[in-house]
Amino acid sequence: MLMVLFRVITPDEAYAAIDLPILGLLFGTMVVSVYLERADMFKYLGKLLSWKSKGAKDLICRICLVSAISSAFFTNDTSCVILTEFVLKIARQHNLPPHPFLLALASSANIGSSATPIGNPQNLVIAVQSKISFGDFLVGVLPAMLVGVSVNVLILIIMYWRLLSIHKDEEDGTGEIVGEDDVSSHRFSPATMSHISISNSMDHVQISPNNINGSLATHLDSLRNRVNSGDQLEIERSPCGSIDTNDIPSPPQFSEEKESKTEHWKNKMWKLCVYLVTIGMLVALLMGLNMSWTAITASLALVVLDFKDARPCLEKVSYSLLIFFCGMFITVEGFNKTGIPSTLWNFMEPHAQVDRVSGVAVLAIVILLLSNVASNVPTVLLLGGRVAASAAAISASEEKKAWLILAWVSTVAGNLSLLGSAANLIVCEQARRAPQLDYTLSFWNHLKFGVPSTLIVTAIGLTLIR
């Protein structure tokens, strides 16, 4: 608003600065994620974490792998909202200290989300602006992502080897065994995730306005609401909801059993339809179809197949995030009009050429610092076009490489500190507020792991970007 009031840009220029394809892609993927949550996708992922576990180090590997893969296809924020309480339960079940596992979840979610355009918001921006297809993006970053997750696992195991080799009850004398069913059958009920305030979770951290934007709290609330109302929605809908046998009329018993079986098969078929539509969306993206329209089409298909009023599901979309993106597009456009970014880039450009090792290193350091100071999405909006134009002067392949380097570094940069990404704060908040499982992941505990992990993973990944 200030950009328009002070006539840095006109109202028409402000509206023109809003990138509708990015908003459409973001909206479509959020709706698809809502339906996947209702279809128990993340419940099955949670069961996978504890299935035939062989100890603490095996759990670290599983958490990193599941977190990375789920984040690549369902966004890192969503994965962290859903999986944090599973991780806490599993750590408690095995009487293990939770913070290595929480670090594994958050850091692997960030690394894994770098592999696809739908993994995180900055990748959405890069994919739309660069016009790199979903398949090319995946092939270009996937090797770096896989090696990065593996290196991240090794760093976690090395740093916390001693901690992972002892039980929590030996550490503090208060271990408690949790049954296997308690972990596997966990449901995302309102009682476990409601009334959470982001402001309370960070009492022990000094938060700078440059580190975290004001929309994070409302974005986290929206993500949480998508989970909180899951049980209520399943009760309200008949095709896919779970059935409380107490609500079924007792006479006659034969009719009751028949109705129960019918509802069970309806539920199975609806879940199958959700999974098939999601797979169809991923196939269409890999075929190179328009990403925004593909995501919107898939979301509308799920709305139609639901045969219910779509309002409860659409209410769980993070509209605050969409509004935040609109404001950010306008602000960055106005900032560009001042000429300051161009002046800074003209000074740095000769030292940041992507066809030289030293140039890639300088560019990576700049992206790493800006992503932690100004956040990763504004960094991508400010640097993206300039970095790509500079690389395009060398060759078309270098331009594509420049975009992928920007995607990789700006995403992994979120692991540097607790304030580096929304995913980190979500894990911290969910862990602190989990009933009977609460644990505070401190800023310094994260920083001790985040700095070496970010630097090593970023450096190794840069050599694998294609």
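The backbone N, Cα and C atoms fix where each Cβ goes, glycine too.
Remember, it's a predicted structure, so these values are computed and weren't measured experimentally.
Transmembrane segment is the annotation TrEMBL gives to one range among 48-66, 447-465, and that range is 447-465. Which of 1-19, 20-38 counts as transmembrane segment depends on TrEMBL, and there it is 20-38. Ranked by the number of CB pairs under 8 Å to the transmembrane segment (137-161), the listed stretches 20-38, 272-305, 317-336, 357-374, 403-427 are led by 403-427. Here the transmembrane segment (357-374) has long-range neighbours at 210-211, 348, 351, 382-383, 387, 402, 405-406, 409-410, 413-414, 416-417, 419-420, 454, 458-459, 462, meaning same-chain residues at least 6 beyond its ends whose C-beta is under 8 angstroms from one of its own.
Sequence-remote contacts of a segment are chain residues at least 6 beyond its ends whose Cβ falls under 8 Å from one of its Cβ atoms, and for the transmembrane segment (403-427) they are 71, 76-77, 79-81, 84, 102, 105-107, 109-111, 113-114, 119-120, 122-123, 126, 130, 132, 137, 140-141, 144, 148, 198, 201-202, 205, 207-208, 211-212, 216, 219-220, 223, 354, 360, 363-364, 367-368, 371-372, 376, 379-380, 383-384, 387-388, 441-443, 446-447, 450-451, 453-454, 457-458, 461-462, 465-466.
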